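Structure, as structure tokens:
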Amino acid sequence: MTSRVDTVDNAASTPDHPQPFAELGLKDDEYARIREILGRRPTDAELAMYSVMWSEHCSYKSSKVHLRYFGQTTTEEMRSAMLAGIGENAGVVDIGDGWAVTFKVESHNHPSYVEPYQGAATGVGGIVRDIMAMGARPIAVMDQLRFGAADAPDTRRVFDGVVRGIGGYGNSLGLPNIGGETVFDASYAGNPLVNALCAGVLRKEDLHLAFASGAGNKIILFGARTGLDGIGGVSVLASETFGGDEADGASRKKLPSVQVGDPFTEKVLIECCLELYAAHLVVGIQDLGGAGLSCATSELASAGDGGMHIDLDKVPLRATGMTPAEVLSSESQERMCAVVTPENVDAFMAVCRKWDVLATVIGEVTDGDRLRITWHGETVVDVPPRTVAHEGPVYQRPVARPDTQDALIADTAGGLARPASAAELRQTLLDMIGSPHLCSRAFITEQYDRYVRGNTVLAEHADSGVIRVDEQTGRGIALATDASGRYTLLDPYRGAQLALAEAYRNVAASGATPVAVTNCLNFGSPEDPGVMWQFSEAVRGLADGCVTLGIPVTGGNVSFYNQTGTTPILPTPVVGVLGVIDDVNRRIPTGFGTEPGETLILLGDTADEFDGSIWAQVAHDHLGGTPPKVDLAREQLLAQVLTAASRDGLVSAAHDLSEGGLIQAVVESALAGETGCRLLLPEGADPFVALFSESAGRVLVAVPRTEESRFMSMCEARQLPAVRIGVVDQGSDSVEVQGQFSVTLAELREIHEGVLPGLFG
């Protein structure tokens, strides 16, 4: 042991020793509470543990009082298919035939601004390990990305690094990236959002949970060695404040606060874990992500039926001279912590050797209720684990509707100049699809492997992705993620429901039945009452919406302090929806022209709704008014029609309507199918409203002419509005709006696909 180590005995004998708790993010009263819990001052290692585990990121101390609403509103019927939910590493849902799917979305926002490549890459790696920790094989990833204005000076640096990081890590893991969403807005300058979703598949009986039980069971750390990367994010942990000479402290301050990922280590770690699960060698397991060993040990111990002893000096290190505080707080990637019975340790180690994965017994489960950590024989941590992992501070932050909200709502898009001629309508279309907001994302998705492993059935950016789960039966899943910061700023409750509705609709448009929800709630500072009002309203909106739709929230993530200076980002609740499809061969594609002779039918009602729209932003740089109405009962009906139509082969293509309205969906489906079409707008309809309205609850479908009558009868029987608006012209080279304008596919493709390469290529 070196002289710089602060032991429990030393802490007890030096009660007045000054400690840098404020620099570590702890408030005066939080530090006082730690002293009260321990009956003494904490050691440096204990202070490190409490500071990271009581952080906003780990403890949810500002959001917990609001997040409880999800549990309060979830009915037993909604929970019926849920095998694991909020509080676990990821939600798990029974999808039938003995299969289960686990999925979750998490943020890696701040690291992705500091070091975009590694921030995004380790964001993917972290969420993949969450899925692995449930006993599942990861099968797909998606991403929700937000950047500053596309032409802003720093956007290129962040965009390039994030996209390369996601692709570099995911491609190396052999995981298909099956969709997502990319948005550019000035509010995200200096604070990009990188939200990564991963889904995994397992047999129901193979589910694993994070807990340590059975006195005498061994704690095994396996995967990469532990280094100093990731520590800078918790301020002075790597500095001389914890002892050591000035030169050593100065050098450590230069270490990266962003973790460094190695996807090839994670790839063998995945296979190693799956073999360990198959051999039934694991009692409990936890991945090491945020807060590292501090989190893994305290969460495993507090979720079990005993205590835990850890010999911290047995942790394999890749840096010399690390202190206990640094070892506990390191966020080095590609590490897992397992609970293993003594008789299975040798077999566990043999599997790890087979995969060339480093594994070390670092401790054991004990009787009692203490987490005790030693360093070269001396105790540096002796705490009740629940006080670290689950009993941190909980705040009821002030909540206040902003004084500016009424003025924002009053500033509607109603008075904005609209295109008044056919030529102006045509130019509006070209301006919209040629803007960074609605242009093609192919420049991004081409950097991702969407079809690796051979089970990807559908992978359309901004729509749902479909993955085959069972090769024999064709059973599969659909996933979609959506968010609208613009709508949520105008009305947080409705904005969250619109995001839910769009993700739900995207899943249904593929032919799948939506069954469960995950979320990642990205907001500004919780110390701002206006931000907390946005947050609380968004949580209520999402929870109430799930009740109406009858599907549960299985888990999620909260990311606060997303702001530049005192200016917060647009409030961005990202919603992910999981759907189940009995036979992926019946999935509905996006592109026109899969069947000869198709009629285009618009499902749902169109209203004059342009507040918060992309048209208002592109044409007038305007944001104000009230978002489109949301009718979740109608969304449910729409989904039922689409899944029935998919099953019966009545629909050959489908595309939800959202940003950019009908004409945006038409252009994307025409380009996807490489075939033109003719639109005939309803008699008396305002062409601008018909083409560009962003009314929710609508889907454009292509129906084989032989099935048109049957499909329309189905819609009529279910009282779902459906109107014929055109035909697909196979062999045609243009999109024509009869009586208004025509644009060739070549011109549309050139404009639509040239924007991002021009900006970032």
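Positions of Cβ are set from backbone N, Cα and C atoms, glycine also.
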Per Swiss-Prot, which of 1-23, 24-46 is region 'Disordered'?
1-23
Report the candidate from GLY135, GLY485, GLY550, GLY556 that shares the ATP site with TYR60, LYS104, ASN519, as recorded in Swiss-Prot.
GLY556
Excluding near sequence neighbours, so keeping only residues 6 or more apart in the same chain, what lies with its CB under 8 A of LYS104 (ATP binding site)?
ASN89, ALA90, GLY91, ILE127, ASP130, ILE131, LEU197, CYS198, THR518, THR554, GLY555, GLY556, ASN557
Euclidean distance between Cα atoms of ASP287 (Mg(2+) 2 binding site) and HIS108 (active site, proton acceptor), Å:
16
Per DSSP, HIS108 (active site, proton acceptor) is which: helix, strand or coil?
coil
Where TYR60 (ATP binding site) falls in three-state DSSP terms:
coil
For ATP: widest Cα to Cα gap among TYR60, LYS104, ASN519, GLY556 in Å:
17
Distance, GLU106 (Mg(2+) 1 binding site) to ASN519 (ATP binding site) (CA atoms, angstrom):
8
Other residues near the ATP site, CB within 8 A of the CB centroid of TYR60, LYS104, ASN519, GLY556?
ILE86, VAL105, GLU106, THR518, CYS520, LEU521, VAL553, GLY555, ASN557, VAL558
Does HIS57 (active site) have same-chain partners at least 6 apart in sequence with Cβ under 8 Å from its own Cβ, and which are they?
GLY290, SER559
Measuring Cα to Cα, tell me the gap between GLU106 (Mg(2+) 1 binding site) and TYR60 (ATP binding site) in whole angstrom.
13
Per-residue Cβ crowding (10 Å cut-off), top of recorded positions HIS108, ASP130:
HIS108
